[in-house]
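Asks: I have a structure here, written as structure tokens, and I will follow up with some questions on it.
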Amino acid sequence: MIYCSYIMELQQRLCPSRFRFGVFQVFKERSTEMGDIKVRGKKEDEDEKAEVEIWNYVFGHVKIAVVKCAIELGIADAIDKHGSPMTLSQLTTTLKCQPSRLYRIMRFLVHYQIFKEEPITKDSIGFALTPLSRRLSRHGERSMAAMILLQSSPVTLAPWHSLSARVLDSGNSPFETAHGKDVWSYAEENPGHSKLIDEAMACDARVAVRAIIEGCPQVFDGIKSLVDVGGGNGTALSMLVKAFPWIHGIDFDLPRVVAVAPKVDGIEYVGGDMFECVPKADAAFFMWVLHDWGDEECIQILKKCREAIPQDKGKVIIVESVLEEDENDKLEFVGLMLDMVMMTHTNKGKERTLKEWTYVLGQAGFTRIDVKPIHAVQSVIEAYI
């Protein structure tokens, strides 16, 4: 202790400003040094993470391209039909692919756990389905293949190259810049792309409507007639009518759309324009329609719906994303991505927060709303007059 006191006294004489507070200053400096080490360590960790993460953006397009390739080749469908894991040789024969190239595709897909390898015999390994690759089958109940094919199509990808111009507010939507017309006019003149859209919406409907039926069936209590506004080929409505057979369904969309929709018992098919008139029913139903439009257009559409439903007990049921910060929502990022899709492919469309939904519905004359989360990207919004 005497030696330490002597050293400290000597140091204080040599550098008094540093030892104004005695031993506490020493502790403070040591603490600061430890803090600096922690900050440096955190920064180094962030730099290391960035060095890895940046490559996901450099080659971000590769993953979707390979997954699209897997869908087009029918890899998941082939394994599913086979009923058990398939060797590379079996897959090559079934799909009529070049063996070494197919192997490289499968190696990539296994690395990302889209497919998995399983032993078939002592000396052979087969490729098997995972919950993720089952969603790449064109015919599975939870298939998202059509959605992936739409989002990875050349028509859909081209507008993304003009996103920065859109942010700079330099004119038309990126879709119009790329194709010379808006997405709806383009679809009308290009039946192939229109079919892609319908199939993509149908595959999402199979997932979302199942979540509605299982999660909040009470939404449809007391409803005898339901008009699906922008109902497309009727996939969502057919599922609802099957689950709630007391409902008379009305599939309402553009004449060219309902003309080719598969006809289902219990559903009436009506062609028209939702900006002009909506068929009368106990409730109006929207799924991924209103996010295509700006606030003014949404208010106009919703006012037409208010005119179509009973003033005393009618309601509008909206199945859309609700953008809210929720760390427990594992699908929150999808809503943010959809918002970028809307910015790129529509003129005024966007995903909305609860506050924004409340504003739009209030302006259309609805006085009360109720939001129900479901096990899907969307939530169910009930709006009452």
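Quick reminder: no glycine exception, Cβ is built from N, Cα and C everywhere.
Annotations for this protein, taken from TrEMBL, read as follows:
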type	residues	note
DOMAIN	55-136	domain 'O-methyltransferase dimerisation'
DOMAIN	160-366	domain 'O-methyltransferase C-terminal'
ACT_SITE	His291	active site, proton acceptor
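Help me see these features in their spatial surroundings.
Replies: In terms of DSSP helix, strand and coil, the domain 'O-methyltransferase dimerisation' (55-136) has 51 helix, 14 strand, 17 coil.
Taking Cβ-Cβ distances under 8 Å and a sequence gap of 6 or more within the same chain, the neighbours of His291 (active site, proton acceptor) are Glu320, Ser321, Leu338, Met342, Gly349, Lys350, Glu351, Arg352.
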Asks: Within the domain 'O-methyltransferase dimerisation' (55-136), what mean pLDDT does the predicted structure show?
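Replies: Averaged over the domain 'O-methyltransferase dimerisation' (55-136), per-residue pLDDT gives 95.
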